[in-house]
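Shown next, in structure tokens, is the structure this report addresses.
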Amino acid sequence: MRHVINPYENINDTARNNSDCPRVLLPEELFFTISIIGVVENLIILLAVMRNKNLQAPVYFFICSLAISDMLGSLYKILENILIIFRNMGYLKPRGSFETIADDIIDSMFILSLLGSIFSLSVIAADRYITIFHALQYHSIVTMHRTVIILSVIWTFCIGSGITMVIFSHHIPTVLTFTSLFPLMLVFILCLYIHMFLLARSHARKISTLSRANMKGAITLTILLGVFIFCWAPFVLHVLLMTFCPSNPYCACYMSLFQVNGMLIMCNAVIDPFIYAFRSPELRNAFTKMIFCSKYR
């Protein structure tokens with residue numbers, strides 16, 4: 001799966017020589033530090049929801065699902081760095097069976113991070129849609145039982161897809177499937193959001209009577225979606241270029257930015273918790289209680 005996760009390593013030598021763009025390298029220490037911060041921040045999100053009964057609602061469970069996806073993206077880089085350290089110290093045989101298995105597990109975590117983020121944002125968008133346009137029926141539609149079932153189905157599918165993509169990673173259809181999931185699910189999310197805001201505009205008077213918190217929640221998730229696109233789209237484009245034009249010097253020039261694209265993914269896990277805290281007073285209060293170690297009611 002290395003040729004999918006780190007496609008720059010497989011760029012055609014001719015294309016690399018013809019390209020005037022040197023490979024952009026970033027310190028591994030920077031990756032490691034940002035990954036640690038991402039894990040800690042998203043772990044705080046999970047602990048806040050688990051320990052605060054006021055936050056144990058469907059929408060916060062969906063946010064926890066997104067936090068888990070972000071955390072997996074950070075853990076992927078941490079484990080990869082640890083693996084490289086052990087290999088450099090001579091504890092691992094290069095390209096040995098253990099390293100191959102470890103690589104596959106780490107790559108599965110990376111794929112889980114992408115798929116989990118896509119599906120988590122999708123269900124959050126659907127949740128906001130129901131909150132705004134079916135507010136009176138919301139609690140009968142979005143129950144905790146249904147929330148648990150939805151999240152179970154999502155993560156079962158993501159785990160199965162991640163394992164399948166790693167096993168069949170050397171097949172072109174697998175790479176195409178991996179890259180197509182991002183735009184397909186993105187189109188679904190964007191269509192849902194566009195429909196939601198068009199309805200909000202056409203029913204302005206009705207929407208104005210609803211709680212401002214509902215509309216604020218929709219705006220928050222729109223911000224999350226924008227950050228997700230900004231941080232993940234460069235990498236997905238990277239993989240597409242590696243698949244369709246690996247020998248093109250212009251493609252090789254873009255792929256020289258692989259580590260920069262990887263850094264954006266790491267930053268996504270760091271930015272999301274700040275969005276939760278900035279936009280949600282409930283989470284902000286929960287963070288404050290956790291920081292000062294006060295008792296939860």
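Positions of Cβ are set from backbone N, Cα and C atoms, glycine also.
What TrEMBL says about a protein is an automatic prediction, not a curated fact.
Sequence annotations record features per position, and here TrEMBL assigns transmembrane segment to 30-49, 61-85, 105-126, 147-168, 180-200, 221-244, 256-278. Per TrEMBL, domain 'G-protein coupled receptors family 1 profile' is recorded for 41-276.
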* Positions on the same chain near the transmembrane segment (147-168), where near means CB under 8 A and six or more residues out -> 1, 4, 58, 61-62, 65, 104, 107-109, 111-112, 115-116, 119-120, 123, 174, 177-178
* Look at every Cβ pair spanning the transmembrane segment (256-278) and the transmembrane segment (180-200), keep those 6 or more apart in sequence, and say whether at least 3 of them are under 8 Å. => no
* Structure fact -> Outside the transmembrane segment (180-200), at least 6 residues beyond either end, the same-chain residues with a Cβ under 8 Å of its Cβ set are 114-115, 118-119, 121-122, 125-126, 128-129, 132-133, 207, 215, 218, 222, 225, 229, 232-233, 236
